[in-house]
Amino acid sequence: MSVIKMTDLDLAGKRVFIRADLNVPVKDGKVTSDARIRASLPTIELALKQGAKVMVTSHLGRPTEGEYNEEFSLLPVVNYLKDKLSNPVRLVKDYLDGVEVAAGELVVLENVRFNKGEKKDDEALSKKYAALCDVFVMDAFGTAHRAQASTHGIGKFADVACAGPLLAAELDALGKALKEPARPMVAIVGGSKVSTKLTVLDSLSKIADQLIVGGGIANTFVAAQGHNVGKSLYEADLVDEAKRLLSTCDIPVPTDVRVATEFSETATATLKSVNDIKDDEQILDLGDVSAQKLADILKNAKTILWNGPVGVFEFPNFRKGTEIVANAIADSEGFSIAGGGDTLAAIDLFGIADKISYISTGGGAFLEFVEGKVLPAVAMLEERAKQ
């Protein structure tokens, strides 16, 4: 993958426009989870250290496009950055007709979604963004799968368009896991729906030596083996698709599970064989035997790609399966890469972040890259590198 990297450029005195992913949860004007800002800080600090005139922007939430809405302002992000950086930081609301930035100063440009045409990759808006800078740095892997004015359009018109350190690291890590993985390679696909991850399962079945399914996805495979899944979340119309996958690749289907008669945090967990599920029960976690079987597979893996939990780990009574699997990944000596919001929440809960080789900041972009789809922002950077 050939792109210009920000780390290869001299940024001194240059106007640098960084598109970061600062889309963080905010409550009462305060950032409640700073993982994405923390991940972006090294890029911002590197540009400031080089004496660049630095602008950074992002989207935050889903405001009505083209309208300012205080609820979705980047002000809480600015306040967070002021605490972390020794450089001056200020928020600018109206910047499309130009903005003055001093060398060594950080200007945060207000939420890009307040600009009409952002999501449609509007050419006139893209050109206005491009006119603000000498160097455009795309560093938001989480939005690289969307062709929008601040992630894609600007890059076509900026004098220089490059990949930031975070984006470059994401692409390197995913390339390492998918292009030439150390073997055996194990891929875990969990979460609730087969339909949204079917193409991912299909793509991975061609790369991975071992495919593991968990969560609601696994329930569809349990049903495909002819078991009653009661009130469990599963997709009846995809049972045949699950059967096809089972016939073409080795997928361990749970043999024991934890069930409940209601979907709630206080529901009682009952451990039982998949042969004994009643009509009023729903599968909410893997059983100990099934979870341990997966842990044994993971122990010997040289590459692990993890997307999605294997049970409703948010409920303490249905956490054990995901915990066993998470700890097995943490203890593995292989290269592990994890992505997706629920996966990151599980990593935080079990305190294993330092034991995962690479944690991807992208959800949708992570999955689309795994599927082998072209990410528009990355394709644009490759195109610009050829010019």
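Counting starts with 1 at the first residue shown.
Each residue, glycine too, has its Cβ placed from N, Cα and C.
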Further binder of ATP named by Swiss-Prot next to E314, G340, G341, D342, T343, taken from the candidates K197, K206, K231, K243: K197
Binding-site annotation, Swiss-Prot, substrate: partner of D21, L22, N23, H59, L60, G61, R62, R113, R146 in R36, R38: R36
Winner by Cβ contact number (other Cβ atoms within 10 Å) across the binding-site residues H59, R113, K197: H59
Proximal residue to E314 (ATP binding site) among binding-site residues D21, N23, H59 (C-alpha distance): N23
Same chain, 6+ residues apart, C-beta under 8 Å of the C-beta of G61 (substrate binding site), given in sequence order: N23, E71, F72, N111, R113
Neighbour count (Cβ, 10 Å) for G340 (ATP binding site): 22
